[in-house]
Amino acid sequence: MSSGSAPTSPVQAAGGGARPRQRSGADPLLIVCRCFGVVTAATALLCVAVNVLSAVHSFRGPIDIFGGIFRCYAVVFSIFVGVLETEWEFIIKFGKIFEYLPARGMLQIFVAVMTKAYPNVERNDLLLLQEIASYMLLACGAVYIISGILCLGVLKRRKQQKATSRDQAVKDLKELEKRREELESLLIAERSEAA
């Protein structure tokens, strides 16, 4: 910039023309949490499938009606665990307790126990699926509880808020720059009309 020229915009005047640096990529903790959330949701969906198959098998035989009803409840809880992993604001707003990782972990362990309980099927393939789904969800629940004890949930929420505010600031900056360009083009048009 030459010594005789003045800065053309407030951004250049404040920062000497340099744009604010933006960090590339997301926070590693948030990426790990999202990946683990996807694994947990997939495991919950596996529990849904296993419990649906077990319920159908239970209702086919008139002896085990109570086992079928139990499996229906397990399906509902498994779906809730899967939906909870999306961290949909509507769900979290009504179940504030599930913002905390230990609460999620206890719910997941409960669903894992429901999935494993009452092995009322004779098919070996379904029993194997039942065991895989229940132990995987049990492991996910244990990881959530340990993470909650280590206060990783608090750190995750803080980083999410920081990322959200940073994204909002970048969005606002882009809107301001767009508005500045529009105003500059209007100013140039007015100057050309006046000349």
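Heads up, the Cβ atoms here are built off N, Cα and C, so glycines get one too.
Curation does not apply to TrEMBL; its annotations are automatic.
Listed features, source TrEMBL:
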type: REGION; residues: 1-23; note: region 'Disordered'
type: COMPBIAS; residues: 1-11; note: compositional bias 'Polar residues'
type: TRANSMEM; residues: 29-53; note: transmembrane segment
type: TRANSMEM; residues: 65-85; note: transmembrane segment
type: TRANSMEM; residues: 135-155; note: transmembrane segment
type: COILED; residues: 159-193; note: coiled coil
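Within the chain, the transmembrane segment (135-155) has long-range Cβ neighbours (under 8 A, six or more residues past its boundaries) at 29, 36, 39-40, 43-44, 46-47, 81, 99-109, 111-113, 115-116.
When pLDDT is averaged over the coiled coil (159-193), the result is 84.
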